[in-house]
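Asker: Copied straight from TrEMBL:
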type: COMPBIAS; residues: 1-18; note: compositional bias 'Polar residues'
type: REGION; residues: 1-24; note: region 'Disordered'
type: TRANSMEM; residues: 43-65; note: transmembrane segment
type: TRANSMEM; residues: 77-101; note: transmembrane segment
type: TRANSMEM; residues: 122-146; note: transmembrane segment
type: TRANSMEM; residues: 166-185; note: transmembrane segment
type: TRANSMEM; residues: 192-214; note: transmembrane segment
type: TRANSMEM; residues: 234-256; note: transmembrane segment
type: TRANSMEM; residues: 276-297; note: transmembrane segment
type: TRANSMEM; residues: 327-357; note: transmembrane segment
type: TRANSMEM; residues: 378-396; note: transmembrane segment
type: TRANSMEM; residues: 402-421; note: transmembrane segment
């Protein structure tokens with residue numbers, strides 16, 4: 001742990017007071033509080049969390065239906081590049097905040113430090129709930145996508161089978177129980193699991209890339225991939241269509257703050273967290289680009305992507321392009337395992353966000369939620385609550401799947417809003433908090 005010793009515990013009032021102290025008193029910044037958690041994560045295991053949360057080279061394929069009518073392949077490809085540039089700027093801003101203010105509550109603490117003292121408490125509370133809601137919806141959405149992938153595999157093998165809503169929910173619930181195990185019972189081996197996960201995602205992506213290039217025929221032309229603009233959205237403005245087409249890239253490369261919420265379980269968070277953020281984002285951006293090109297060139301039946309098997313266009317792409325049941329099964333299993341593992345890491349991030357908010361008194365039953373288990377040194381209550389909450393919202397699948405998808409789709413809006421507030425506060429304060437913190441660390 002670097003820097004000076006911080007306080008052992010703060011509530012929301014203390015956080016806002018810290019922001020108030022920026023204007024007149026020196027405070028300890030860049031420290032992580034000793035709260036009884038072990039420090040099992042190093043830079044590589046934290047990278048496993050950050051990289052697997054998005055799993056860009058594989059996950060970008062789940063948005064393939066957008067490439068059909070929302071601008072076509074050119075918008076899908078060039079929109080991804082534009083999104084990467086914007087996301088790298090956001091990552092750089094958040095990485096600087098994480099280096100100066102390492103804290104498990106991430107944006108909540110950063111906002112409290114950077115916002116004007118009059119608004120610090122209210123803004124930090126708002127940001128806290130935006131982060132919690134974002135990761136809550138994102139975790140639940142990943143449970144749902146994994147369940148859809150499972151039944152897509154079933155439909156590949158048995159085309160006459162039609163899954164019902166309760167089938168999806170049972171698989172959804174099972175994924176939640178699976179995600180619970182590495183976060184509790186098998187947490188001792190969790191860091192090793194995370195390190196292997198980065199290797200798995202890249203090897204799985206390489207397999208998908210190779211088999212698609214080898215088996216897909218005929219391939220699309222370069223004119224189809226880079227030039228043919230298609231607008232079937234109903235919008236008359238092509239500019240609007242282009243901005244809609246940015247969504248796959250903006251959504252796929254996200255979660256920059258996931259490593260920040262592990263700050264109190266890392267030995268040198270002020271150095272390690274920014275490194276993880278940058279490495280993960282750049283690796284995701286670079287690995288996603290060739291996969292997009294392969295996906296675009298290997299689309300053999302674009303219309304099929306609008307009504308794909310199991311509701312997953314990437315599975316439909318493999319069925320159409322690979323023309324082999326065994327290869328399609330292997331490819332689908334790669335995606336299922338990837339998203340099942342992403343469910344684990346997203347649950348980890350959500351539980352740490354919820355626990356850090358509870359520790360600051362920002363959620364109902366804060367004392368109960370903030371409790372650390374004496375035996376495991378884990379926030380067990382917050383972990384169990386997170387699984388229960390995700391399981392409950394998944395019940396909407398039994399009613400309106402459209403309503404559930406709409407709710408879960410708000411995850412990106414919540415998370416990007418939580419990024420915007422501390423970055424805006426930093427700009428409006430003219431980086432005065434950074435100057436003070438740098439001076440104190442030099443001393």
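Please read every residue number as a count from 1 along the shown chain.
Just so it is clear, glycine is given a Cβ too, placed from its N, Cα and C backbone atoms.
I'm curious about the neighbourhood of these features; can you describe it?
Answerer: Same-chain residues lying 6 or more positions outside the transmembrane segment (43-65) and placing a CB less than 8 Å from one of its CB atoms are 76, 80, 145, 190-198, 201-202, 204-205, 208, 247-249, 251-256, 258-259, 262, 266, 272-273, 275-277, 279-280, 283-285, 287-288, 291-292, 295, 299, 305-306, 308, 312-314, 317, 334-335, 338-339, 341-342, 345-346, 348-349.
With a cut-off of 8 Å between Cβ atoms, the residues of this chain six or more beyond the transmembrane segment (276-297) that come close are 43, 46-47, 50-51, 54, 56-58, 60-61, 64, 67, 73, 76-77, 80-81, 84, 87-88, 91-92, 94-95, 98, 202, 205, 208-209, 212-213, 216, 219-220, 224-225, 252-253, 256-257, 259-260, 314, 317.
With a threshold of 8 Å between CB atoms, the same-chain residues lying at least 6 positions outside the transmembrane segment (378-396) that come near it are 37, 136, 139-140, 143-144, 169, 172-173, 176-177, 179-180, 183-184, 187, 347, 350-352, 354-355, 358, 368-372, 403-404, 407.
Note on the transmembrane segment (402-421): residues 90, 93-94, 107, 111, 115, 123, 126-127, 130-131, 133-138, 140-141, 144, 247, 250-251, 254-257, 393-394, 396 of its chain, located 6 or more positions outside it, place their CB under 8 angstroms from a CB of the stretch.
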Asker: When each of 77-101, 192-214, 327-357 is checked against the transmembrane segment (234-256) for Cβ pairs under 8 Å, which one has the most?
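Answerer: Counting Cβ pairs under 8 Å, the winner is 77-101.
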Asker: Below 8 angstroms Cβ to Cβ, which residues of this chain, lying six or more residues outside the transmembrane segment (192-214), approach it?
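Answerer: Same-chain contacts beyond the flanks: 41, 44-49, 51-52, 55, 57-58, 61, 182, 186, 287, 290-291, 294-295, 298, 317-318, 321-322, 327, 330-331, 334-335, 337-338, 341, 344-345.
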